[in-house]
Amino acid sequence: MRTLFIGDLHLSADRLDITQAFNRFLDTELDDADALYILGDLFEVWVGDDLAAPFALELARKLNQVSQRLPIYFIHGNRDFMLGKQFADVAGMQMLPEVTCLDLYGVNTVILHGDSLCTLDKAYQRFRKLRSFAFARWLYSCLPKKKRQAIANKIRSNSQSSNQQKSYVIMDVEPSAVDALFAQSHCKQMIHGHTHRPAIHEFTNGCKRIVVGDWYEQGSVLVVSSDGVDLKSLPFDAS
């Protein structure tokens, strides 16, 4: 048996090829799987469950069918932090805290989206702190639909522009933040996404940090079993 981890699909109506590849993944890659974990940014943008796009609702029905065979767990990312219980229930996804510890075949593992580890990006961390307040999310959800969409589009545009000007180092995880999370969680293994830099980092103290990749040009999935970990790429034309 095996457990699969994915993240950073950034699904949108503008990139239905990614949605199609994800559907093929759901059809072909989950045989004998114990569970599927989605580590955030499943969608490029999410302004509220009441504004879910038609393609997202169709995907929710697909995920719900899959959830009849195996559990699907979801952790919010920085793009879909407004995804709520209403949509999660329709999709058959179980929402997890932003930092979750679990036993993966005998290995204590901490999983998260990963944006909280990029502590050198001070501007983003200020925004992240603001959106962490339940009142701020509630206030946003009370706005008219068009206003919410406009704000989301503005944030997305500003983020893309800002990221182009930020250095490689600032947009990666900060080693001290990684060390702190290992210490706080008492785990030997960490799995996250967000940085779009798939890799398996092994430390001299025996700890391991695994980064799942994005789905812009090809799929990325981490397969964990009792035999170890396998970070795989899935070409869109063959996934």
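Positions of Cβ are set from backbone N, Cα and C atoms, glycine also.
Swiss-Prot names D41, N78, H113 as Mn(2+) 2 ligands; from the candidate set H194, H196, the record adds H194 to that same site. Other than D41, N78, H113, H194, the residues of this chain whose Cβ falls within 8 Å of the Cβ centroid of the Mn(2+) 2 site are, in sequence order, G7, D8, L39, G40, H76, G77, R79, G114, D115, G193. A distance of 6 Å separates the Cα atom of H194 (Mn(2+) 2 binding site) from that of D8 (Mn(2+) 1 binding site).
Around H113 (Mn(2+) 2 binding site), the C-beta neighbours below 8 angstroms that are at least 6 residues distant in the chain are G7, L39, G40, D41, I75, H76, G77, N78, E98, H192, G193, H194. Other than D8, H10, D41, H196, the residues of this chain whose Cβ falls within 8 Å of the Cβ centroid of the Mn(2+) 1 site are, in sequence order, G7, L9, G40, G77, R79, G193, H194, D214, W215, Y216.
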